[in-house]
Ligand SMILES: [Zn+2]
């Protein structure tokens, strides 16, 4: 029962976070504006705002203008719903990890939408890590980790043509959440999945944050088991 509620809460938050990302440059409209159809601009009724269900019920089209609704909406709702379910099952239903993964999800939405991530989210993650260090002590800070952070710093200042600065900051943050033995697997999974996506889509520059989180999540779960 609780798992279902957590899943539904994740779906609602996923919908809200995607809306926040799309209205980031007009935050006023995020807090006060009502949701509208992307195609005809009509205000949506409450029946059209139920995550996943509304999309399925109206068969992926706007009931008024009959235009196809972007599947990114139900997909993002489903993704955060599943992530929240994972946090409930594997991360002890911890508020810390709900927050941690909510911020990661926001970063994914930003990277996919704009290929840019405001520093505010990295700062948010950094504050969470700081809290983690002094309460749960679930961070891995060793000489090896410092070496990786040193390499990332060099890449950040001298090689930003090849990898984005936000990606490098996120890699640093995610690395200290994993023991050193896990880090080669993390890099391998992220790089290989990103490369496969480049080869399939034939796009040279891809948003890398989704692949970083995709590689990090199974290793992070493995750490909890
Ligand atoms: Zn419409």
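Any Cβ shown, glycine's included, is placed from N, Cα and C.
From a predicted model like this one, the values you see are computed outputs, not experimental measurements.
The feature domain 'Prepilin peptidase A24 N-terminal' is assigned by TrEMBL to 9-91. Residues or ranges marked as domain 'Prepilin type IV endopeptidase peptidase' by TrEMBL: 99-198. Residues or ranges marked as transmembrane segment by TrEMBL: 72-91, 98-117, 123-140, 147-164, 170-199, 206-223.
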Using DSSP, how many residues of the domain 'Prepilin type IV endopeptidase peptidase' (99-198) fall into helix, strand and coil, respectively?
79 helix, 0 strand, 21 coil
Winner by Cβ pairs under 8 Å against the transmembrane segment (206-223), considering only 72-91, 123-140, 147-164, 170-199:
170-199
Intrachain neighbours beyond the transmembrane segment (98-117), with Cβ under 8 angstroms and 6 or more residues off its ends:
13-14, 17-18, 20-22, 24, 72, 76, 79-80, 83-84, 87, 124-125, 128, 164, 166, 170, 205, 207-210, 213
Should anything in the same chain at least six residues away from the transmembrane segment (170-199) have a Cβ under 8 Å from its Cβ atoms, list it; otherwise answer none.
107, 117, 122, 125-126, 129, 138-142, 144-145, 148-149, 152, 206, 208-209, 211-212, 214-216, 218-220, 222-223
Number of helical, extended and coil residues in the domain 'Prepilin peptidase A24 N-terminal' (9-91), per DSSP:
51 helix, 4 strand, 28 coil
Six or more residues beyond either end and a Cβ under 8 Å away: which residues meet both conditions relative to the transmembrane segment (123-140)?
96, 99-100, 103-104, 170, 173, 176-180
Averaging the per-residue pLDDT over the domain 'Prepilin type IV endopeptidase peptidase' (99-198), what integer do you get?
87
